């Protein structure tokens, strides 16, 4: 399965769980301490990153989704750093600040790419009033399409059963990254994402794929779960659902450098994809591709839609094919930053013919990258009348994406692509026919941004309408 990126800008996700601050100290080591047989690190720089549930929220935001987060913190400097960092990424924070507790902080000392020691500053949050989290959840639920419960067994999800019940009552799916050997508190969840070690800690040693599926189905029935996604390290991941065939996904990791936060990435991409309208199996394929990227990075890491697109389609930009608007905007910025000239055109392209192919080839020669914006079915119907389009949007886009001249294909639902063009801002806007440049939709915006508008001629004797008429007349 090669999934298509959704528009994560349509995804609202609420994250509730154990938030923490990950701190890194970096420096070289050249000697052993005279005080004890340990290396001496000369600290030269440092870094601070949101971790735990906060890393999940960062992942949602980096994809372009709308993340809201609820968690427990202290009233201290790490809490301030967490909030400011997340707010800068447009994550809406609604933390419960408890002065008697420290904000969970993990300090890692790094040298030559290796972690020498980790120091944890934390106390488990216990006996907190469940209403502190539940009321914050109630405020957020009307604004989201998915809920993630990120459990690191630090106390934020002490009342997880009530959180699941409240989300399900609102018909919002609940995705949980579980912790520990007891899955009873997660009863009724939409999906759990245990790794293999966590899964085997609950069900015992797994001897084969069939054994994994059988044991997963047992857990699903016992705890009334919607599904289980077991992440299996070098063996990829397996999605198990009742009354459906298991869905096995091989790993896409090329090099494993650091698995820190990989589980956060899996559940965030999974939930965001479902929130954006993807079916569960396709959302899992996207999450699997994302995991293959982040394990090649150091520490708790996020990924962009560009990195996710490259993981799915390969590193060559020309393989992007069909792409969501938000991902396209990022792709165009990346291409322009490399000095590439981006050309854009648009049309219905209902029945692709030689005239279309010739036109697109000529457009592609004017730059380094070619975008084709395609009218959706409803847009075509408004423009062309009943009976059109002959081919639905997904098929028209798939055919265009298969042309060597075309780099990206993106749909638009309006009568004209003016809004889309004003967001993308290509270097050159091209239109076929006898238009005047100033009359082309989006042309003014492109020119105002320093771009160009150009009109190309269509090949004579090629017309979609004529082809349709010929078929109807039995002459084709």
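Every residue gets a Cβ built from N, Cα and C, even glycine.
The average pLDDT the prediction assigns to the region 'Ribokinase' (1-318) is 89. Summarising the annotation, Swiss-Prot assigns region 'Ribokinase' to 1-318.
Mapped onto three states, the DSSP output places residue 196 (ATP binding site) in helix. Same-chain residues at least 6 positions away in sequence with a Cβ under 8 Å from that of residue 196 (ATP binding site) are, in sequence order, 206, 230, 231, 232, 233, 235. Marked as ATP binding site by Swiss-Prot on the basis of sequence analysis: 195, 196, 197, 198.
Under the heading active site, Swiss-Prot lists 264. The Cβ neighbour count for residue 264 (active site), using a 10 Å radius and every protein chain shown, is 30.
The feature region 'Cytidylyltransferase' is assigned by Swiss-Prot to 344-476.
For the pair residue 198 (ATP binding site) and residue 264 (active site), the C-alpha distance works out to 15 angstrom. Reported as a whole number, the C-alpha separation between residue 197 (ATP binding site) and residue 264 (active site) equals 16 Å. Cβ proximity to the ATP site centre (mean Cβ of 195, 196, 197, 198, cutoff 8 Å) flags the following additional same-chain residues: 194, 199, 200, 201, 230, 231. Across the fold, the C-alpha of residue 195 (ATP binding site) and the C-alpha of residue 264 (active site) stand 11 Å from each other.
As a summary of secondary structure, the region 'Cytidylyltransferase' (344-476) carries 53 helix, 26 strand, 54 coil according to DSSP.
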